[in-house]
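S.K.: Below is one structure. I have some questions about it.
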Amino acid sequence: MGIIDDVKDTTSKAVFSPGTLLSGRGGLHMAQIILSLVTFVLAAFRGGSSHTYWIYAMFTWAFCPIMTLIITIIEMFKLDIILNMFCMDWSDFATGMAMSSTLMTVSVAITYANFYTCWTCLYGWIVSGFAFLCGFVYALEVLKDKILDRKKGTYLAALPGFFKVLEAFVSCVIFISLTGYRDKPALIVCVIAYVIPFPILPLIIATNILKKLKKCLPFNLDRFVFIFLVISVVLYIFAAIVWPVFMFRNNPRPSECPPSFCIWAIQFMVAIMTYVNLTLFTVDLIFTLLGICGFKRT
């Protein structure tokens, strides 16, 4: 009866509360949604190309406000109380999504400014201005949660979960930058090495967020994560050696290579991001082995 009474008490608290929109957090959410949608519309009206950077930017300006809207609706109807009781740490999830959205919107703002602005491109500067405002308001929410409200993350908003988000994000940057590899078997193997860890990362993140699901798994998730990290480090060590050798051998940097439309610079970006992700996976593995900074020792 105690559990049933707890459930009834929890569900009775899940009532519509429009006052959520009038709070500081609600105001930030409204600003994030409006600015992201305005940026999306402006960028779509200007037009872009089939370039993967432009597609990723449009995806970011659609995905982030949709997630913010879902979070706002859940909090407005107090459904977060039910979610908090049955399946997840809602505060950790909401703060973690704000951190992830900050990472995505700020990086997209920098990328868009690099590719679509010039001294005479007024419209490109306008879109870039709104893009940086998007990143700014998402960063404000993170600062509010972490510094003013002093919220403690349990996974997604803590180092273990955010490391996984960073690894997935860097993987995305690698994927949208891949070019010039199709006629080189060694580089195709590198692409396979990039692809293998990527789909597993969101599964690890989702399983750790959904606490009840984690308890139902027929295996030890922490041990699985450790094995996954070892394999990922090995794959990225291979790519970190092979990609630069086979991509840049007899392929020096052109004399004229502006960063906004130079294929060589984009290929070099893949090499840099490979080393970044290798570093992230290695630090993740070491912290997991040592069991420090919130990482669970296996």
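Keep in mind that glycine also has a Cβ here, set from the backbone N, Cα and C atoms.
Below are the features I grabbed from TrEMBL:
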DOMAIN    20-150  domain 'MARVEL'
TRANSMEM  27-47  transmembrane segment
TRANSMEM  53-74  transmembrane segment
TRANSMEM  95-116  transmembrane segment
TRANSMEM  122-143  transmembrane segment
TRANSMEM  155-180  transmembrane segment
DOMAIN    155-293  domain 'MARVEL'
TRANSMEM  186-205  transmembrane segment
TRANSMEM  225-246  transmembrane segment
TRANSMEM  266-295  transmembrane segment
S.K.: Residue list, the transmembrane segment (53-74) vs rest of chain: Cβ under 8 Å, 6 or more residues beyond ends.
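M.R.: Long-range Cβ neighbours of the transmembrane segment (53-74): 20-21, 26, 29-30, 32-33, 36-37, 39-40, 43-44, 80, 83, 90, 94, 97, 101, 104-105, 108, 111-112, 115-116, 131, 134, 138, 172, 176.
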S.K.: Who are the long-range neighbours of the transmembrane segment (95-116) in its own chain, taking Cβ under 8 Å and residues 6 or more past its ends?
M.R.: 32, 36, 43, 46, 48, 51, 53-54, 56-57, 60-61, 63-64, 67-68, 71, 124, 127-128, 131-132, 134-135, 138-139, 141-142, 145-146, 151, 153, 155-157, 161-162, 165-166, 169, 173, 259-261
S.K.: So if I exclude everything within five residues of the ends of the transmembrane segment (27-47), which remaining residues of that chain have a CB under 8 angstroms from its CBs? That is, six or more out.
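M.R.: Residues 21, 54, 57-58, 61-62, 64-65, 68-69, 71-72, 101, 105, 112, 116, 123-124, 126-127, 130-131, 133-134, 137-138, 140-141, 144 contact the transmembrane segment (27-47) from elsewhere in the chain.
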S.K.: Which residue counts does DSSP give the domain 'MARVEL' (155-293) for helix, strand and coil?
M.R.: 102 helix, 0 strand, 37 coil
